[in-house]
């Protein structure tokens, strides 16, 4: 109608829901930016942790040295011997965990999928989690050892005796704890694999005999664990009576060779089970390799149960012959069966080249180093299998650590070899099931390669 002015609606200034959401997002971004700015950089945190670790190491070393110097000169060697008996197994396990983390790191950088090789699920531990466990082990075990030495040297024998006992109880509890904390699925996988190794009644998987092979390298660790546990159960911790030959847990105990030979027997029965499933004769030759360690262990233990002349004139030469056979047979099997020398250094071909990949990939010296070091350490490894040579505990500790290092480098090429076998098998199956044209058959037939 004329004369009527239409009323215009003014846009409301009231904020909408979208405005509220945008303002909340802005506030959250501001808080996150402020929090990130307040946190120290990862580089600073790493350096700070390294400084703390060095200070802790110096304190432990100073306290341990002072504790040993307080002891009577005649008892210092026995005191160190007993300390190493309790703690060297866990120190060597810690070393193995650190090196296993390095193995996994190299696999993650290369094209080798270790998760597929070991048939692991998505919850498997990466090298970051492995190194985290190794870090805690590196802190806890030496700290307990330092406390044991300090308390013992200051006359607190009861408190000193409780240190290794508590450490072993805590380690066992963490391993078998049934609740879903501290990597339950990985702990369950480890315990299940150990059970399958001890009772190889089922088909043998790669993880089964892989872990069993590692256990053969740690047989000295298991022997010392047995002696330590025996002393704890018989309340002989922080005493020197155990050093006597006729003591319950003495160095002449018949349990020592039995524990040393157990991993080799497990591996022997695994090979027999593999032969039953596959009918491959190489399984029998592999079983024979593990039986060559049995004479080395038991002939050495006979020194404490025969007259000296019999040992010198008869048993000692047999022990030497058995040692040579075991070392050379094991070395031959590593080179010709467990590894594939034609692809020996491909494991170090990283997806993103680094200093280590440039230094190791395709280098001829890697071949010579691996072969030579494997031969030398195979021969020296006989030393730890022989109970009559174990009194020099520092030498035995060093040789056992070197054997763990040998096994560490063995893992690279053994896992890579298995990975290549899996890929070749898949390629053969794919090429068999896929129909080929006449031109493809001609091209494939002209290469002359064998799978």
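Using N, Cα and C of the backbone, Cβ positions are placed for all residues, glycine too.
Source: prediction; values computed, not measured.
In TrEMBL, the feature transmembrane segment is placed on 365-383, out of the ranges 346-364, 365-383, 384-402, 403-421.
Annotated range for transmembrane segment in TrEMBL, selecting from 22-43, 44-65: 44-65.
Of the listed segments 144-164, 165-185, TrEMBL assigns transmembrane segment to 165-185. Here TrEMBL gives transmembrane segment for one range in the set 287-307, 308-328: that range is 287-307.
Confidence across the domain 'EXS' (247-446), taken as the mean pLDDT and rounded to a whole number, stands at 78. Residues 92-93, 96, 117-119, 190, 259-264, 266-267, 269-270, 273-274, 277, 290, 293, 381, 384-385, 400, 403-404, 406-407, 411, 414-415, 418 of the same chain, all 6+ positions outside the transmembrane segment (197-219), place their C-beta atoms under 8 angstroms from a C-beta of that stretch. Packing against the transmembrane segment (365-383) from elsewhere in the chain are residues 217, 296, 323, 326-328, 330-331, 334-335, 341, 344-345, 348, 389, 395-396, 399, 402-403, 405-406, 409-410, 413: each is 6 or more residues past its ends and has a CB under 8 Å from a CB in it.
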